[in-house]
Amino acid sequence: TQFILNTKAMAGFSLDLGPLKEPLGFIRVLEWVFSIFAFATIGGYTGTTHFTVSCPDKDQPVEAFFAYPFRLAMKSYCRPLCNSSSCTETYLQGDFSSSAQFFVCVGVFAFLYCTATLIVYLGYRTVYLQTSRGPVIDLLLTAAFAFLWLVSSSAWGKGLTDVKYATDPNRPVELCTSCKAGEFPSMGRLNASVIFGFLNLILWAGNCWFIYKDTPFHKDPAPPTTMEEGGAPGP
């Protein structure tokens, strides 16, 4: 039975790269690429906050590491004491994992959905257009992802602002009179992730129109009425 089902499924498969030349398929490929960029730029990120403890004999550099998902209080760093060989265990403050993980989750699911729909567009286009159910479901899910990109990108944009504030080298220096702020952590990747998030919003929202044209909700303009051949004009 399973073999018969697989045979029937493969029988409906017909590879056609034509949809990639149309806005519907081309934009879906862009969504697939930008979804990868969105979650890849934030996932696996690691940063370092630098400051220096100024002691009478020498300056001692301190590095406070932090990483995705930005539970800053989970990992401590050691702040040396000038009059002792020991150090004080200290933590960065803040937990911004909810917005970061939500953003990554939306990106991963968007990537998976793009992969599935591209297989349908390129291999099962006739089945997709055979009934109105396929385009309608595609339209609803694409609109839902556009909304999710708006929410997740806005939330992560605010979360990134909070991460920058919490990891500013001037923050730990406020609690240490003999400390000097050092280099600010490099966050180019995180800035790019927010940009990719809003680019995905534009792509997914714009793609709704092209999917909408395949649904029964879209009415083609009625052709102009013409006088029948051989008929006499009306009075």
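Even glycines carry a Cβ here, placed using N, Cα and C.
According to TrEMBL, the domain 'MARVEL' annotation covers 19-216.
For 29-47 (among others), the entry in TrEMBL reads transmembrane segment.
Look at TrEMBL and you will find 100-124 (among others) tagged as transmembrane segment.
The transmembrane segment feature in TrEMBL is assigned to 136-156 (among others).
For 192-212 (among others), the entry in TrEMBL reads transmembrane segment. Remote same-chain partners of the transmembrane segment (192-212), defined as residues 6 or more beyond its termini with a Cβ less than 8 Å from a stretch Cβ, comprise 22-24, 27-28, 30-31, 34-35, 37-39, 41-42, 103, 107, 110, 135, 138-139, 142-143, 145-146, 149-150, 152-153, 156-157, 160, 218.
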Residues from the same chain, set at least six apart from the ends of the transmembrane segment (136-156), whose C-beta lies under 8 A from its own: 42, 98-100, 102-103, 105-106, 109-110, 113, 117, 128, 193-194, 197-198, 200-201, 204-205, 207-208, 211-212, 214-217
Segment confidence, the domain 'MARVEL' (19-216), expressed as mean pLDDT: 88
